[in-house]
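Data block below; observations after.
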Amino acid sequence: MWEEINMIKIYTLGGYEEVGKNMTAVEYNGEVVIVDMGIRLDRVLIHEDVEFQKMSSKDLRKLGAIPDDRPIRNKKVVAIALSHGHLDHIGAVGKLAPHYPDVPIYGTPYTIRLAKSEIKGEEYFEVTNPLYETNYGEIVQVSENLAIEFVQITHSIPQSSIVVIHTPEGAVVYACDYKFDNNHPYGERPDYKRLKELGKEGVKVLIAESTRVAEETKTPSEAVAKMLLEDFFLYEGMEADGLIATTFASHIARLQELIEIANKMGRQAIFIGRSLAKYTGIAKQLGLIKMKGSRVLRSPNAVSKVLKEVSQARENYLLIVTGHQGEPGAILTRMANGELYDIGPRDTVVFSAGVIPNPLNVAQRYALETKLRMKGVRMIKNLHVSGHASKEDHRYLIRMLNPEYIVPAHGEFRMLTHYAELAEEEGYMIGKEVFISRNGHVVEIPGSLEG
């Protein structure tokens, strides 16, 4: 009698009903590799009295702020792999890694150092897991049957990876988050050669983000964002006194562009905000950003002192601040509330970031813009390109890898279904080769047959 063995199980623990709290686990022959441990930030921000670092994983799970990892809690976990350094992928490491004490955590150098920063701030759990910086192209054997590999890809944070879990049944490829940037201003490139090799070697399952798959285009290069910024800041008609730019603190390429623009304008770039200090500090350690001519303000005293100087000679500075989503406590939000700096008609605020599409962010950004408008501030919006793959990026990845099965991830249900529709266009059948899952469910992938 024939029976199916060597089944691969995909535990879809977080990020399969929302954009956030990403966590997936891959089981083969009783051994598990976890990929990502993220948070859902809006579920933390919506409660004013929540102190994330001091809370238990149980309480945060009830808030819907971190993934529910109970389906794999008693499994034999052999490794934790982190795809990149965004908080919706690493923000819960301090809360969830302690459930798997001493299990090694792997990622690229920038990702691991950001994870260490998160762990350092953890106040509820002690984290004993060793963390290892892994280079692109290195294949790490984590058990007799399983190995992991980080393949270079482009996204809106340095050293992002497509994570590959090698099994005797073929590769499980985790592509959350990515885009194909062929003209990155600072030389980052997708490793097309390795992706094509994987396709030839045999990809069993592709787990792919679906955030922007409904957009019928290819996501533009970061070079386009650089051009948009230069086109605004460096044209002859620029008459602004005070210039304030805001973008994602982790978007190191964008921050580098702003430093270079400030230098060309004869202005000093000044970074203000704790998260900007953290991300640029670690990037500088690794040689990922050149801070020439700029300053980073860390202490509240330095911020208030320097902003007094800036207000007397606004034309000499480009302020780069936190707060593009209108987050409470961020620098731009505080300025709009009349704190720190007398922002007004002499100032121009440049938003080099889109609005994250959840109701809390939309509401907070609306409140921020309204306050700035009431103060007479000029606003320039959408000098930005996304870091997420659009439909044609996804189509190319499917064709390169030629996976047997596809599990859409990293999105609300409607996003996952849009990905499934693309897979159908590429010849896959929903329910047979494409599986739409939910948080807490398991997708069972048939293994080889032996008698």
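The backbone N, Cα and C atoms fix where each Cβ goes, glycine too.
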Annotated companion of Asp88, His89, His410 at the Zn(2+) 2 site, Swiss-Prot, chosen from Asp177, Asp181, Asp342: Asp177
Based on Cα coordinates, which of the following binding-site residues are within 10 Å of His89 (Zn(2+) 2 binding site): Asp177, His384, His388? Asp177
To the nearest whole angstrom, state the Cα distance for the pair Asp88 (Zn(2+) 2 binding site) and Asp177 (Zn(2+) 1 binding site). 10
Asp88, Asp177: which of these binding-site residues has the highest Cβ count within 10 Å of its own Cβ? Asp177
Output field, Zn(2+) 2 shell: CB within 8 Å of site CB centroid, site Asp88, His89, Asp177, His410 dropped: Gly15, Val19, Gly20, Asn22, Asp36, Gly38, Ser83, His84, His86, Cys176, Glu209
Spatial neighbours of Gly387 (substrate binding site) among the binding-site residues His86, His155, Asp177, His410 [C-alpha, 10 Å]: His155, Asp177
List, in sequence order, those binding-site residues among His84, His86, His155, Asp177 whose Cα sits within 10 Å of the Cα of His388 (substrate binding site). His155, Asp177
